[in-house]
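Step one of this worksheet: look at the structure below.
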Amino acid sequence: MAEHERDAVSPDADVDERALEGALRPKRLTDFVGQDRVCEQLSLVLRSAQRRSRVPDHILMSGGPGLGKTTLAMIIAAELGAPLRITSGPAIERSGDLAAILSTLQEGEVLFLDEIHRMARPAEEMLYVAMEDFRVDVVVGKGPGATAVPLDIAPFTLVGATTRAGLLPAPLRDRFGFVGHMDFYRSADLELILRRSASLLEVELGDDAAAEIAGRSRGTPRIANRLLRRVRDYAEVRSDGRLTLETARSALTLYEVDAQGLDRLDRAVLHALLRRFRGGPVGLSTLAVSVGEEPETVEVVAEPFLVRSGYIARTPRGRIATPDAWAHMGITPPKDAAFGAADLFTPDDDPAQPDPAADAHPGTGPSANAGVQSKP
Ligand SMILES: Nc1ncnc2c1ncn2[C@@H]1O[C@H](COP(=O)(O)OP(=O)(O)OP(=O)(O)O)[C@@H](O)[C@H]1O
Ligand SMILES: [Mg+2]
């Protein structure tokens with residue numbers, strides 16, 4: 001994918017940022033803000049295992065980047081008072097890599113396997129057996145004379161994390177006794193996270209500034225913490241160091257993060273969709289060309305949030321802007337804008353007849369709306 005500069009609101013973190021994040025990670029379940037249901041369920045799983053003096057079931061955390069999967073994995077080990085071993089799918093290239101880890105685990109140890117969907121296939125099969133029977137089959141020798149020697153391993157708890165739960169093979173998913181789905185955070189929770197981070201960073205954060213930053217953080221603690229650092233930098237250099245509503249707004253305007261957390265690329269996409277294509281429908285590649293990006297960049301980097309925020313809808317005929325998109329960008333929709341065709345949003349109880357002309361020329365004027373009933 002073409003490298004796109006968007007540090008401010010990217011949900012991903014680079015190496016430097018991960019180092020900074022360590023300091024802001026809550027260490028215990030009681031400090032972990034939000035995700036109440038997951039936390040409560042998790043707490044039960046851990047407590048009941050402790051009561052029975054058994055290792056807890058294997059745990060899978062699924063959810064988008066920056067929502068707290070790694071943080072929770074560390075908390076699980078801390079709550080159990082167990083040692084933690086950390087590895088990741090891409091680090092396990094051969095089953096031997098996994099065997100080396102599994103065979104040296106201590107009893108009760110927590111093994112955190114990040115990006116578990118990216119593990120090599122043969123290792124995956126070894127993991128099935130290890131998870132279920134606490135055993136690895138070590139292959140001794142090569143070729144026809146090779147034999148599998150079963151080796152018992154210490155009971156452990158696997159904590160897997162994935163941003164793509166759908167990519168996990170069913171046999172692997174089924175071996176997790178508990179799956180926690182991490183969701184985007186409510187603004188009130190992000191405010192709490194921001195206050196906690198501000199006190200760790202020893203900066204003064206006003207309530208209204210916290211609300212302002214939270215509102216622009218796309219439901220993601222990682223983005224909230226990052227915007228907090230940007231506002232702090234701004235406040236230190238341009239004013240007296242206190243994070244007020246005023247400094248938060250000025251700083252975030254400077255970094256081109258708007259009131260809903262949209263950045264320059266998001267706005268460029270919306271702008272093109274509204275102005276050049278009258279709200280669509282328009283095909284992804286046409287839209288991408290008009291903002292000077294690769295289709296993949298638009299699809300992977302900008303679109304998910306625009307869709308989740310209800311600004312863009314994906315339809316069989318292409319992308320269309322919703323009424324909220326026009327409102328957010330402050331542009332008055334033309335009378336024939338696609339969303340006027342409300343049927344585009346209704347479930348397909350009345351499957352619209354595919355219109356070949358519209359398919360061939362997505363978004364090229366009124367013909368793209370052919371076949372769609374418009375309101376009188
Ligand atoms: N519930 C929370 N309360 C406080 N801080 C949080 C919470 N969730 C995440 N954070 C903070 O957000 C940052 C990112 O969290 P974390 O690294 O756990 O995300 P992740 O889901 O593992 O992301 P990735 O998929 O990129 O690995 C960390 O600095 C962490 O401190
Ligand atoms: Mg992580």
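In case you wondered, yes, glycine gets a Cβ from its N, Cα and C as well.
Of all Cβ atoms in the protein chains displayed, 18 besides its own lie within 10 Å of the Cβ of Leu24 (ATP binding site). Per TrEMBL, the feature ATP binding site maps to Leu24, Arg25, Gly66, Lys69, Thr70, Thr71, Glu132, Asp133, Phe134, Arg175, Tyr185, Arg222.
The Mg(2+) binding site feature in TrEMBL is assigned to Thr70. With a cut-off of 8 Å between CB atoms and residues at least 6 apart in sequence, the same chain places Arg25, Phe112, Asp114, Ala161 near Thr70 (ATP binding site), listed in sequence order.
TrEMBL lists Arg314, Arg319 with the feature DNA binding site. DSSP assigns Arg319 (DNA binding site) to a strand segment in the three-state reduction.
According to TrEMBL, the compositional bias 'Polar residues' annotation covers 366-376.
Summed and averaged per residue, pLDDT over the domain 'AAA+ ATPase' (55-186) gives 94. Marked as domain 'AAA+ ATPase' by TrEMBL: 55-186.
The region 'Small ATPAse domain (RuvB-S)' feature in TrEMBL is assigned to 186-256.
Per TrEMBL, the feature region 'Head domain (RuvB-H)' maps to 259-376.
Taken from TrEMBL, the feature region 'Disordered' applies to 337-376.
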Exercise. DSSP helix, strand and coil counts for the domain 'AAA+ ATPase' (55-186)?
Worked result: 50 helix, 36 strand, 46 coil
Seminar exercise, completed: Near ligand 2 by the Cβ criterion (under 6 Å), the binding-site residues from Thr70, Phe134, Arg314 are Thr70
For this session: Taking the Cβ of Arg314 (DNA binding site) as the centre, count every other Cβ atom within 10 Å, in any protein chain shown.
Result: 13
Exercise. If you measure Gly66 (ATP binding site) to Arg319 (DNA binding site) at Cα, how many Å is it?
Worked result: 27
Problem set entry | Largest tally of Cβ atoms lying within 10 Å of a Cβ, found at which of the binding-site residues Phe134, Tyr185 | Tyr185
Exercise. For Arg319 (DNA binding site) and Glu132 (ATP binding site), what Cα-Cα distance in Å is obtained after rounding to a whole number?
Worked result: 45
